[in-house]
Amino acid sequence: MALLTPLFAFLYHLPQVYKWLLKPYYVASLFMSVAFLAVRKTPGICDRLATQREDGNSCDFDWREVEILMFLSAIVMMKNRRAITVEQHVGNIILFSKVANVILFFRLDIRMGLLYLTLCIVFLMTCKPPLYMGPEYIKYFSDKTIDDELARDGRVTWIVEFFANWSPECQSFASVYADLSLKYNCAGLKFGKVDIGRYGEVSKKYKVSASPLSKQLPSLVLFQGGKEVMRRPQVDKKGRAVSWSFTEENIIREFNLNELYQKSKKFSKTRGDKVSQSQFPPVPEEEEPEQQGVEAQGVESESKKDK
């Protein structure tokens with residue numbers, strides 16, 4: 001049963017996996033992840049490689065290479081236990097496969113190891129994972145708009161994500177946050193994002209560290225009446241972020257999104273009624289026919305006297 005659950009989950013997300021793997025970034029990453037396997041198994045190339053196998057077969061893995069690959073599999077399985085999206089699963093496989101390839105190439109030939117490591121560094125500096133471009137109900141803030149928007153209407157509850165585009169965790173969380181905004185956004189409950197990698201002053205003011213070593217990215221902060229009510233992950237007295245999993249279930253439970261949404265819908269209806277009343281002024285009451293006739297006769301008598 002433990003093996004069937006991941007298998008069914010993979011099959012369920014298979015269309016999304018194909019969609020992401022066909023992007024140039026993942027295509028290039030996939031080739032780099034299987035580089036050592038291709039070199040070791042390609043006829044004409046593997047024949048010239050060194051090997052520690054007793055039978056001298058240089059086109060097959062030796063015992064040390066098998067150990068490294070088994071260790072890689074164990075590390076990937078441990079890391080993917082905390083992964084919340086398909087992007088994180090694929091990203092963990094690619095990352096640790098590249099690390100294993102570096103070790104294997106250096107062990108095989110130091111020149112091949114240096115060449116592969118250089119390619120990894122160039123790829124890391126020039127290629128970035130594709131950003132989420134799907135539907136969402138999210139307002140993006142700058143350092144000049146976030147304070148005004150949070151204080152504009154004290155009845156509106158805001159959930160704001162503090163993120164950085166270079167953070168893999170933020171990139172993986174983007175689709176989860178967008179899905180939450182599609183489900184829970186309304187007039188009284190809104191979702192926002194601010195890039196603290198770009199706006200450093202916002203990072204300092206709201207005490208969210210943008211350091212690459214920080215565990216505070218992404219950070220979700222709940223604002224009510226323009227003031228912070230809660231945030232995840234929490235930060236201890238020493239300024240270190242407490243580990244927290246950004247799954248959709250955890251966010252719904254910790255932020256009481258279902259309860260907030262029900263309260264916000266009531267606010268939406270009240271505001272909608274006020275708007276409709278202000279848009280349509282009251283219609284004046286019609287005068288009774290008898291009263292209109294008396295007034296008409298009075299006007300006629302006055303005109304005759306003037307004549």
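Heads up, the Cβ atoms here are built off N, Cα and C, so glycines get one too.
Here the structure is a predicted model, which means the values were calculated and not measured.
Residues or ranges marked as compositional bias 'Low complexity' by TrEMBL: 291-300. Annotation comment: TrEMBL describes 143-229 as domain 'Thioredoxin'. If you look up TrEMBL, you'll see 266-307 marked as region 'Disordered'. The annotation transmembrane segment is assigned in TrEMBL to 20-39, 114-134.
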Beyond the flanks of the transmembrane segment (114-134) by at least 6 residues, Cβ under 8 Å:
20, 23, 25, 28-29, 32, 35, 87, 91, 98, 101-102, 105-106, 165-166, 168, 171, 174-175, 178
How do the residues of the domain 'Thioredoxin' (143-229) split into helix, strand and coil according to DSSP?
30 helix, 24 strand, 33 coil
